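S.K.: What TrEMBL records for this protein is below:
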DOMAIN    13-92  domain 'DNA-binding transcriptional repressor CapW winged helix-turn-helix'
DOMAIN    137-198  domain 'WYL'
DOMAIN    219-277  domain 'DNA-binding transcriptional repressor CapW C-terminal dimerisation'
């Protein structure tokens, strides 16, 4: 009774989830894996594997010659939604240089370690922590602050009085959504372009509603009909679409950044055929 796997127990659920992740991505799991990773007894490891087999009967079968459980072609996940990063973790951690899905000692003689995963690191647009902190505090407390702001569009650097209310990430950098006291309207200001913040400022309670921030718009993106049939099918697969239309919900204030990121704005300068066009 002491070795039964109880799903009400958090540690037990995590072990079973790990079994599922390992079966899905690596293709096999053994009792020794559980013992080594979680420090449990052989009896408890056996109980965990038996319990998972009961939860997901089609997921695995025991291979006597290898003394391990291997995943089957009809396996489906019942305890988590698979994420590619999990599989890449196995690939980098312990690939033996042979058949994909067969893992061993990547550092063994004759099998030099090979980096199998590469990621593209774009230049980071950073905001100074002290600046970001004061802008967040101003938003929390509803304060007006004077900032020294550099603008690329106007090519100027000058003092501005702002009342921050929110923050938006456009995929590359953080903006603060703030009331611009000079222009008397809601605008976006790039956090990384704020050189200094005078603190504290006065509390501003009565401000007009930020309609563009509060309004949620539904944008329909239609696969470009000018693309070849095979190209359109590639995009359907890529985005998981069953038809030709991709719907996105976005704050109206953030819409320009979304369109720019998809090369759908007029200033993107992209010469290649667009993947999507805006729907009606």
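The backbone N, Cα and C atoms fix where each Cβ goes, glycine too.
Unlike curated records, TrEMBL annotations are generated automatically.
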S.K.: Under 8 Å, at least 3 Cβ pairs, sequence separation 6 or more: does that hold for the domain 'WYL' (137-198) versus the domain 'DNA-binding transcriptional repressor CapW C-terminal dimerisation' (219-277)?
M.R.: yes
S.K.: What is the pLDDT of the domain 'WYL' (137-198) when averaged and given as a whole number?
M.R.: 95
S.K.: Taking helix as H, G and I and strand as E and B in DSSP, count the residues of the domain 'WYL' (137-198) in helix, strand and coil.
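M.R.: Residue counts for the domain 'WYL' (137-198) by secondary structure: 8 helix, 40 strand, 14 coil.
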